[in-house]
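Input: a single structure, listed below in structure tokens.
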């Protein structure tokens, strides 16, 4: 059902209405809505009914019941009358105007996470990101803690491989002396002064066949002439 703006029912919305039903009960409440079947919705509704006494000497008494929100069927409705004007909206909080005087409180946005006064935690040295611009910390400060010994050992190993002089621990003697080309091994006598050391194959390689051997060491007789080719 289409209801026009000039309908009398719309003019009584939010009014306190008295509704009388067929069984004699009276409902007084705030009129909120209706439909084409005259079904009504009342809020803050009170029910009033008259109770007949058992004896004729006693008068009728009226009983009141607080119901709240009520839906009334239109088929039971007999009449509707205005009980009072719309109630004032005292319980609804309204937004204050910009020019209105403020109270003692201060309006602030609700904070999320860490409060504003608490300082932010910073990452330890060496674990933070790169510093932009000039004036950042030195490389020693940026080196992660706990890894200095590993880096020093790696640097020492690289230096020894590259040819740096190796330091030997004390108490175990120095490095073995270098051996020259003509120097005899330890425990053997060298050639007398003025004599040339024998020319032989490099150390560690046996003399090949047909290769003339060098001069024998002093004190040893050379092999016979016929035996030289067999060696």
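Cβ from N, Cα, C; glycine included.
Swiss-Prot records asymmetric dimethylarginine for one of 49, 65, 108, 209, namely 108.
If you compare 94, 112, 132 in Swiss-Prot, the asymmetric dimethylarginine annotation sits on 112. Along the domain 'Sm' (4-86), the predicted structure has mean pLDDT 89.
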